[in-house]
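Novice: Pasting a structure here, questions to come.
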Amino acid sequence: MNSGNQAASGKDCRRACRGEPRKLRTGFAAKLIEGVLDFKTMIDNETLPVEYLGGKPLCMNQYYQILSSCRIPGPKHDSIVNHARGKKRSPHISVVHNFQFFELDVYNSDGSPLIADQIFIQLEKIWNSSLQTNKEPIGILTTNHRNSWAKAYNNLIKDKTNKESVRSIEKSIFTVCLDAPMPRVSEDIYKSRVAAQMLHGGGSRWNSGNRWFDKTLQFIIAEDGSCGLVYEHAPSEGPPIVALLDHVVEYTKKPQLVKSPMIPLPMPKKLRFNITPEIKNDIEKAKQNLNIMVQDLDIKATVFHYFGKSFPKSEKLSPDAFIQLALQLAYYRMYGQPCATYESASLRMFHLGRTDTIRSASTSSLKFVEAMDKPNKQNQEKVDLLRKATQAHRQYTDMALTGNAIDRHLLGLKLQAIEDLVSMPELFMDTAYAVAMHFNLSTSQVPAKTDCVMCFGPVVPDGYGVCYNPMEEHINFAISAFNSCAETNAASLAHYLETALLDMRLLLQSTPKSKL
Ligand code: COA
């Protein structure tokens, strides 16, 4: 599994799948593919409306990186190939079912995209010709450590047929994964199980081989009708991916108006792989490695349903700052101390901008969390500290958004020192620097119109990954941790977070409304 993989889960086509589940699922997949192609037309024609943040236009480049691209493992470093433009432009997507990959052309000879009816017929052909379940899970190779995968990759593509198949996946516009059934679980852990399926596929016994994790964008359609996506993080941050997802979800709700022309389409091409004993050995090693990681990942996807961003707004507080402060309170209550906290801030106000870090643990947040549970402190004093801490967070956010945060600057200096082979400046050798970089809380807001949430893993062995999508009246969270760390527990943090949010609301409601 690439550490940079991020997944979104939430859109649920279970209702649509009642009746004839399998055909309705294929029908949904066809409509989804049509929706992505509709979005692609806007990318290709450069008609995507420019996005704004705080009245400032944002760089739209990431939108041009997410389709027809793939990460390629390399002996020294990986690279990204992009086949979106020019002669290399690809007319196909890849579809995987029962670990078997197919190349599916999604454009007619006149350049017009296939419509859902046509795609449905093609998906049915793929489905029916990949019913065997005993195939080698070739895609699982992409889950291995990058160095091991780079070696296995070179070995894999020595064979001409394998090379053609790999290139086809890499060039494809995106991948659609038609997943096999997952173990049934109770309703209370169902959301977390789906999040895990989207993020890593469940391990070698389940759907992890039904992926090509280097592919930038893979849509996953589960057997029970839930669906989501997993994306390789190198080419883009979450927001452009979620904007595409929002478009596709809306698109799938539209009725089908255009009828398919009844011109028969050729059978989608099956991508064949010759599995030598050496490749088989690489697959086995990748399986073992992946299963350890899957076992280790603890995910809790949860909905905080008491209020959404409308409550902090009604208190004239930034919802994002309010949620971040609740995270600080939750962590402090669990561990009796704060921790270095990372929140991603978009740098898209700048050309080709990616992210910088909002350091959510501040002296102001510490003052608030320390005061919050002290019975001798007046509520008004606590409210003042809460307001000051959220304002401090918002100020740091504005600083980060305008390129004035510290982390990418320091990272640049450190990498420059490494590249120039000079001795490492003392700052980077200091224990304080190591503590400041050990982000026990790695967090990110990825807002979406769709009722979904993204999820990703922690960045340190004793840490948490927290992603959230604040909706108007509720907040979707996905929290991750490692089972191998005795001190962390995703469900516990989720519980403390819920309590922190409720306590902060109660506190604000217990004092006269601010005139701020
Ligand atoms: N009073 C009332 N309303 C307020 C307010 C206040 N004091 N402060 C903010 N709000 C409103 C905003 O106007 C906004 O309204 P909207 O819902 O109508 O748009 C809403 O509350 C949300 O604002 P806020 O919670 O402050 O956050 P934000 O939307 O500005 O987002 C970041 C902050 C840091 C998340 C955002 O700037 C960012 O960088 N996002 C990208 C992060 C990213 O790339 N993540 C993915 C990494 S893979």
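From the backbone N, Cα and C atoms, a Cβ is placed for every residue, glycine too.
TrEMBL does not curate its annotations; it predicts them automatically.
What you are looking at is a predicted structure, and each value in this text was computed from that prediction instead of being measured.
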Novice: Which one, Ser346, Ser423, is listed by TrEMBL in the same CoA site as Lys309, Lys313, Ser314, Glu315, Lys316, Leu317, Ser318, Pro319, Asp320, Arg394, Gln445?
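Specialist: Of Ser346, Ser423, Ser346 joins Lys309, Lys313, Ser314, Glu315, Lys316, Leu317, Ser318, Pro319, Asp320, Arg394, Gln445 in the CoA site that TrEMBL records.
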Novice: Taking DSSP three-state, what's His233 (active site, proton acceptor) in: helix, strand or coil?
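Specialist: It is coil.
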Novice: Given Lys316, Ser318, Tyr342, Ser344 as the binding-site residues, which ones have a Cβ positioned under 6 Å from some atom of ligand 1?
Specialist: Lys316, Ser318, Ser344
Novice: Within 10 Å of the Cβ of Lys316 (CoA binding site), how many other Cβ atoms are there?
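Specialist: For Lys316 (CoA binding site), the 10 Å Cβ neighbour count is 12.
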Novice: Give me the count of other Cβ atoms within 10 A of the Cβ belonging to Ser318 (CoA binding site).
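Specialist: Cβ-Cβ neighbours of Ser318 (CoA binding site) within 10 Å number 17.
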Novice: Check each residue in the chain of Asp320 (CoA binding site) that is at least six apart in sequence and keep those whose C-beta is under 8 Å from its C-beta; list them in sequence order.
Specialist: His393, Arg394, Thr397, Gln445, Pro470
Novice: Name, in the order they occur in the sequence, the residues of the same chain whose CB lies under 8 A from the CB of Thr355 ((R)-carnitine binding site) and which sit 6 or more residues away.
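Specialist: Looking at Cβ-Cβ distances below 8 Å from Thr355 ((R)-carnitine binding site), excluding near sequence neighbours, one finds Glu237, Ser344, Ala345, Ser346, Leu347, Arg408.
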Novice: If you run the three-state DSSP split on Tyr342 ((R)-carnitine binding site), which class comes out?
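Specialist: Note: Tyr342 ((R)-carnitine binding site) is in a strand by DSSP.
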